[in-house]
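Listed in Swiss-Prot:
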type: BINDING; residues: Arg84, Gly109, Asp140, Asp184, Leu185, Glu212; note: S-adenosyl-L-methionine binding site
Amino acid sequence: MSTQIKREKPIKKQFQKKKFADLAVQGTNNSSIASKRSVELTYLPKLGVGSNAEKLQPGKPYFRYFVPKKIKRSPCINRGYWLRLHAVRSHIESILDSCQENITIINLGCGYDPLPFEMLDPQNPQYSRYSNRLNFIDIDYPDLLNIKSGVIKETPELLSIIGGIDPTETNMIISERYKTIPCDLYDMPAFEALLKSENLGHPNTIKIFIAEVSLAYMKHEKADDIIASCSKFPNSHFIMLEQIIPVGEYEPFSGRMLKHFSKNESPLQTVTKYQTIESQIERFRRYNFTNVNAGDMFQLWNSLSSNVHSKIENIEPFDELEEFHLFCHHYMICHATNNEQFKFNESIKFREPEVLPSLPISGLRIDSIDKIGFSKRFGSSVISKDSIIYTGGASPYRSDEADVINLEECTIETLSNMKLPDARVCHSYDSLMDGKLDILIGGRKAPHQPFNDVFIFEKQTASWEKVATLDYPIYRHATSSLSNDKLLLFGGNFCLKEPFLTITVKSETQIVVRSINCPDSIKSSIGAAMCYNEASNDVIILGGSSNGTEVSDKLIIMSYDDKSETLTVKKEVTNDLFKRYGSKIIHLTDDEYLVVGGTSPDRLFDASNSIITYNSRSDEIKSVRIPDHIWQGDELMLVGFELQKLNGKIIIFGGGATCYGFGSVNNSIYSIEK
């Protein structure tokens with residue numbers, strides 16, 4: 001074998017490997033564009049993006065030309081991709097509205113994005129006032145642009161928008177205001193030559209470079225070279241939407257996201273270098289985009305008006321706020337420019353994330369219990385002797401089963417005589433009358449199918465009895481036993497004028513439901529945590545949302561008077577670590593409380609603050625640190641879980657989440673003790 005052939009083999013292998021990786025990255029475009037098509041079908045007929053969103057106006061459909069098939073994604077994916085569309089388009093509009101100059105928009109890794117046709121279409125009232133000063137350059141892999149160009153050439157509606165095209169170009173589209181230019185972004189000399197050939201150096205022409213999850217698949221050095229090259233042109237803006245991992249690769253959603261892209265042979269390479277918003281801001285400043293505004297996607301969500309939020313809530317039923325929090329904290333939108341005089345639109349000018357102080361460590365420790373394959377979430381449970389009875393929940397489909405979990409024997413048994421009246425999630429299930437009967441309240445099927453029923457399960461006869469129908473449906477409410485025959489219920493519906501109820505059991509077939517007095521400042525919430533401390537006669541509530549977007553950052557301690565059935569606020573404490581949706585709270589001593597899990601609109605929780613203790617006497621908050629072998633190895637996702645005291649230990653079981661389109665995480669079982 002000659003030396004020449006020996007050299008050619010590794011070169012050929014390297015070329016084939018790169019070609020395969022390029023195809024995998026191109027494949028991500030197919031998934032993304034299909035999800036945007038779902039948004040176009042579900043959202044845009046009722047609510048557009050960019051300026052149309054705040055005007056509550058619909059958007060015109062353009063994705064249909066590239067994805068004619070009707071596609072339906074989950075509500076959380078739809079909401080996430082609507083927000084992605086809004087992120088890029090609202091930031092472009094903020095630049096367009098700030099100037100009168102001609103603008104060239106260069107889409108790096110454009111895929112099948114129809115953005116040029118949206119903005120150049122004279123029949124699109126959202127952008128028609130800009131169209132005579134806009135030019136577009138779509139850049140992507142040659143194979144992908146060949147397909148896109150073919151669709152454009154075969155679609156009269158698209159051709160009519162961009163006008164006549166150069167018939168001599170077979171692999172490109174060249175028209176007066178729109179071009180497709182194939183380029184491998186890894187080939188820096190070719191990329192720089194491309195930019196130079198487009199005469200982008202004129203200072204009176206504004207350049208907008210867009211990278212919507214396109215540079216993320218490149219080695220960070222190569223992606224940095226792209227950013228640096230773009231910054232050399234005067235009056236340039238760079239809009240980037242990209243993944244981040246704010247608390248590191250071991251956070252469960254982060255880990256699942258990274259594994260998903262690696263499994264699909266399109267690993268996220270820049271995110272391991274630029275994990276946080278702060279590092280992304282520093283990145284752009286280092287490469288001469290010195291004027292930078294960046295935030296995560298929930299900050300963008302919060303910039304929308306309450307009218308837009310209400311409109312979105314009415315588009316499709318939605319009860320996936322935890323998943324939406326997690327998704328939004330893993331994507332950032334960054335607008336950077338080398339124009340120091342540019343003023344960012346105040347409505348989308350993000351504040352830099354607040355850094356929380358480190359916490360002292362509590363004396364509690366977390367251990368994992370032998371895995372016994374329990375994978376349900378959003379159910380409800382009671383303690384029965386030395387076992388746990390878990391009802392309903394989903395895995396992934398809603399269940400009507402009751403399971404007995406025996407931790408000593410590491411067994412799970414489904415009780416055939418205890419099947420629930422209906423499959424449900426987000427209900428409450430409590431034991432009263434010395435364990436002789438259990439009470440099931442509310443919950444839901446789908447988000448638009450909530451329950452308002454109350455059932456009692458009489459253990460001696462193993463039968464369910466419907467004992468009441470509430471005036472309104474409730475789910476994601478919180479309950480605590482006040483006495484042997486009385487239950488306190490909080491929230492479960494945004495519209496309640498009286499957020500607390502007591503439910504008193506009179507017999508196996510009769511209950512009395514009463515609203516109780518509480519201060520007007522206490523609003524009904526869903527997803528709040530509550531516990532009752534019998535020794536101090538205190539009711540504690542924490543977090544929750546009263547409107548589906550905002551989450552309370554308060555822990556409120558109230559004294560309960562049984563005779564007058566009145567709650568009186570004793571203490572109200574505000575802290576960012578109390579801003580949780582879907583958390584649980586349990587009292588450890590008269591003064592100390594354990595707060596576990598949930599999600600926040602402001603941040604991702606990590607190994608040091610996912611679980612905390614609060615002392616009501618000293619107001620001290622301590623960390624119940626999740627040990628490395630659990631945090632790094634188990635994907636502990638404190639969403640949709642249950643929390644119970646059993647044999648002197650606190651038990652965390654059930655729970656997990658669907659991590660957007662990246663797969664699901666299910667928890668093992670854990671104990672907390674001194």
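Note: Cβ is positioned from N, Cα and C throughout, glycine not excepted.
Since this is a predicted model, take the numbers as computed values, not measurements.
What Swiss-Prot annotates, mapped onto the structure for a quick look.
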residue : record                               : Cβ neighbours (10 Å)
Arg84   : S-adenosyl-L-methionine binding site : 22
Gly109  : S-adenosyl-L-methionine binding site : 26
Asp140  : S-adenosyl-L-methionine binding site : 27
Asp184  : S-adenosyl-L-methionine binding site : 14
Leu185  : S-adenosyl-L-methionine binding site : 22
Glu212  : S-adenosyl-L-methionine binding site : 23
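When the Cα positions of Arg84, Gly109, Asp140, Asp184, Leu185, Glu212 are compared pair by pair, the longest gap among these S-adenosyl-L-methionine-binding residues is 24 Å.
In the three-state DSSP scheme, Asp140 (S-adenosyl-L-methionine binding site) is classed as strand. DSSP classifies Arg84 (S-adenosyl-L-methionine binding site) as helix under the three-state reduction.
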